[in-house]
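First comes the structure, then the notes that go with it.
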């Protein structure tokens, strides 16, 4: 278990929620600050424009002769508000005032203004922003009200305070919501982890309630399916071990009994010779069973050796047919070999393919009665594929057997005592060998009346 070295799901959910809320509040605060600044700027600009309009109307009422005097008095009035009046007179230009205000008015276009024109803008001089409201009152004459753009400290403090309050409230709500969400998500996962831990200890009677979000429910379903699969697998392993134990016990009992009889002198002469033959036959049976068990254990391992080369499978199946034709004749079984007219080449291990064919043929001959037919066939008509078939005229299999035919010990357990059976691992071994060679196997009914086992290999 590594839970002590990793943060819990609930903690991570809380942190994510808090982080998202914090970022959201900060972004919202920055947006609000920008909006507030633009709003304050708009208010200041409108106020400055209203004062400029009032001054322009007063100057117009006094006439052109008194403009400069009127504007000079107006400048004294608004100066107390932090506003500078910059005056433009015909042929005399901009009247002296403080340098920055003059530069701001010039940047706003005061020098080109004429009667009736209006300028309302914001300019920047040496890093300082200024609001400018200019009015033309005659040919090449007019004035500009210039005010530095400053947001009052009190407004800034209120804005910062509101942002901080919103940030704190958002983080608190996010932490509470994240904690609740984390618990809701973690609760079914903890139950799933508890069940998985119990399964590791050997429990198979536990199931996880399928609840929560779709992904969590899928995890629970997967663990439940795993529990069922493990239970079935262990049951089959127990059945297989019982079957193998039975298969081992029978020849061992025979070997032990006949060897004891010979050792005690109970059998002599021709009887001793017959007993020796039985011992030899049963020991060979034991050897084949142990060899199959070892091959089955190794077939999925990396060290399992394969000698892969391009092989004409007509030669492989023909060599196999020579052996099984003789064995079929001894038991009164008709043998048939079906070959394609042209080479059927595959990149595979000829020795392992022969091992698979021999195992399938032995199973087929075991259940084929005298007078029936056993067929070895090679088919290369399907593009990109070569098929090797072993068909028998035995009792065949039930339709539901085809799907489980290559599972270890299933058919052996079902048909033991009802028909001749082998060790229960031959078909599983054949399937494993073919899978390692990049092929597959299928089972189905045979036209001869029994079962068909087909090896499918990629053609070269």
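Yeah, the Cβs are placed from backbone N, Cα and C, and that goes for glycine too.
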Candidate ranges 12-36, 37-61 [criterion: TrEMBL lists as transmembrane segment]: 12-36
Candidate ranges 134-157, 158-181, 182-205, 206-229 [criterion: TrEMBL lists as transmembrane segment]: 158-181
Contact set, same chain, for the transmembrane segment (12-36): CB under 8 Å, 6 or more residues outside the stretch: 151, 155, 159, 162-163, 166-167, 170-171, 173-175, 177-179, 181-182, 185
Long-range neighbours of the transmembrane segment (158-181), counting only residues six or more past its ends (CB under 8 A): 10, 13-18, 20-22, 24-26, 28-29, 32-33, 36
Composition by DSSP (helix, strand, coil) of residues within the domain 'HAMP' (183-235): 40 helix, 0 strand, 13 coil
Mean of pLDDT values spanning the domain 'HAMP' (183-235): 79
